[in-house]
Amino acid sequence: MYMEANSIFQKQIMVKPIIVITGPTGTGKTSLGIEVLQYINGIIISADSRQVYKGVDYVTNKISPDTTQGKFVKHDGYWLQDGVTIYGYDVVSPDQEYNVTTFVLSSCDIIYDAWKSGKVPVVVGGTGFYVDALLGHASYSTVGPNEILRNSLREKTSDQLLKVLESVDPVCFNSLNKSDQNNPQRLIRYIEVASEVGSVKDGLTFSPLRSESDIDIYEYVLTSEYPELYRRSDKWIQKLIESNVLGDETEYLIREFPQTRLLEGLLFRTAKKYIASEITSLEMQQVIIGELHTYIRQQVHWLRRRPQRTWVNILEPGYEKFVVEGVKRWYDK
């Protein structure tokens, strides 16, 4: 079937195709991307802000705790899984800086190379801002990190950060939505950019793909009702804890990279408290479950900013076949 289907898609690429498979945590985006590439000639680009880090494969969901995935071979910057190349895995060590600018520019290089080779790039991931920035739907800043400034701001509350932002960029301050107002990392970044170039707006740019002609993008959003999304994330968290990979990877970061930002992010920050005996195992699990539910809602809210995509309910029987057949029709039109 692979060779027969592939022969259909070996024709010369007259337009520049990009397939996007996104959605909240736990919806099977990567596995579906791999299935799609059994029928067309292409590569995967992971649009996940944490899968770029080496040494934390389970908590970043590159590998499932129950290891039901197929064969994979690790390389710096990419993995081979079930015969498919997945770029964006193991790009940097946990103590190195990685941001949306790095993601957009490196992903554009990969996309251009794929087109030249007659391959279809498939962007897969749940970091909605990365996806939108890459496709040119969202602007991003090329201003580099200012660690001195960041360190001076990290201990401030969201309210305190808002006051700082109001003083350095009142226009940006007045444009914030509730999600922005309650996101300390995002507020610190806004302050950083405004302090460097005068305002957040002056520090913004767009993806090179925004100015490309003849791009044909086909986007799928895998999703379901919140109870199902929560059920899947709860089950995943339970596996991470019971298999002890959450503890192992957190201890690895504490030991080898104690200053990494990962230890202040989802799952790791709470596991770190448990390892320090600040909370019980039950408290750790309850906190992580709540944080993941909140994160899932944030992912869905971001995705709803651009509703004009093909939304797929993962509880619908045969949804994988629906996506594969849709890709075939889209590409062969």
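Heads up, the Cβ atoms here are built off N, Cα and C, so glycines get one too.
According to TrEMBL, the feature ATP binding site maps to Gly23, Pro24, Thr25, Gly26, Thr27, Gly28, Lys29, Thr30. Under the heading substrate binding site, TrEMBL lists Thr25, Gly26, Thr27, Gly28, Lys29, Thr30. Feature annotation from TrEMBL assigns region 'Interaction with substrate tRNA' to 48-51, 185-189. What TrEMBL records for Thr127, Arg150 is site 'Interaction with substrate tRNA'.
What TrEMBL annotates, mapped onto the structure for a quick look.
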residue	record	Cβ contacts under 8 Å, 6 or more apart
Gly23	ATP binding site	Lys29, Gly126, Tyr220, Val221, Leu222, Thr223, Gln299, Leu303, Ile314
Pro24	ATP binding site	Gly126, Thr223, Leu229, Ile296, Gln299, Val300, Leu303
Thr25	ATP binding site	Asn61, Gly126, Leu229, Arg232, Ser233, Trp236, Leu292, Tyr295, Ile296, Gln299
Gly26	ATP binding site	Leu229, Arg232, Ser233, Trp236, Ile296
Thr27	ATP binding site	Gly126, Leu222, Thr223, Ser224, Leu229, Arg232, Ile314
Gly28	ATP binding site	Leu222, Ile314
Thr30	ATP binding site	Ile44, Ser46, Ile86, Val124
Thr127	site 'Interaction with substrate tRNA'	Ala47, Asp48, Ser49
Arg150	site 'Interaction with substrate tRNA'	Ile188, Glu192
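Here the region 'Interaction with substrate tRNA' (185-189) has long-range neighbours at 141, 150, 153-154, 158, 161-162, 164-165, meaning same-chain residues at least 6 beyond its ends whose C-beta is under 8 angstroms from one of its own. Excluding Thr25, Gly26, Thr27, Gly28, Lys29, Thr30, which define the substrate site, the same chain contributes Gly23, Pro24, Ser31, Asn61, Gly126, Leu222 within 8 Å (Cβ to the Cβ centroid), listed in sequence order. The DSSP breakdown of the region 'Interaction with substrate tRNA' (48-51) into helical (H, G, I), extended (E, B) and coil residues amounts to 0 helix, 0 strand, 4 coil. Compute the center of the Cβ atoms of Gly23, Pro24, Thr25, Gly26, Thr27, Gly28, Lys29, Thr30, which mark the site for ATP; besides them, the chain residues with Cβ within 8 Å of that center are Gly126, Leu222, Ile314. Across the region 'Interaction with substrate tRNA' (185-189), DSSP classifies residues as 5 helix, 0 strand, 0 coil. The Cβ of Lys29 (ATP binding site) has 28 other Cβ atoms within 10 Å, all protein chains considered. Note on the region 'Interaction with substrate tRNA' (185-189): mean pLDDT across this stretch is 90.
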